[in-house]
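Peer 1: I'd like to ask some things about the structure below.
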Amino acid sequence: MKQLGKHIILELWGCENQALDDQPGIEKMLVDAVKACGATLICVKTHKFSPQGVTGVAVLSESHISIHTWPELRYAAMDVFTCGEHVTPHDTIPEIQKFLKPEKIDVMDIKRGIIEVDEVKE
């Protein structure tokens, strides 16, 4: 069996309100998370909502990291999806924790693109 991608979904509860509404800080966190997992950054795009909240995505050569925040609930939802053997999505978590300071994190692991090895055309 071969796995084409590794995908983690993060549920981040009890985060710092100010961090969840800090668009430049979230952009920096995304860049730091990309570096931490060994991925290749293509670009970062974020949007600040009124009155609060930020959504953002780091587009990677290997896929993406995304975030959507609810400061009023102290909650953030994140996806880290990577392809390739050299990238480790779980390595993003310390950078995310350092910035958002969640009280609780739920991590769901998804193996993407499971195929039989003999199906892979080299």
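Glycine is treated like the rest: Cβ placed from N, Cα and C.
Here the structure is a predicted model, which means the values were calculated and not measured.
So Swiss-Prot has the following annotated:
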MOD_RES   S63  pyruvic acid (Ser)
ACT_SITE  S63  active site, schiff-base intermediate with substrate
ACT_SITE  H68  active site, proton acceptor
ACT_SITE  C83  active site, proton donor
Peer 1: H68 (active site, proton acceptor) to C83 (active site, proton donor): how many Å between their Cα atoms?
Peer 2: 22
Peer 1: Taking only same-chain residues 6+ apart in sequence, whose CB is under 8 Å from that of S63 (pyruvic acid (Ser)), what do you get?
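Peer 2: The list for S63 (pyruvic acid (Ser)) reads G5, F81, T82, C83, given in order along the sequence.
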Peer 1: What is the total of other Cβ atoms whose distance to the Cβ of H68 (active site, proton acceptor) is within 10 Å?
Peer 2: 17
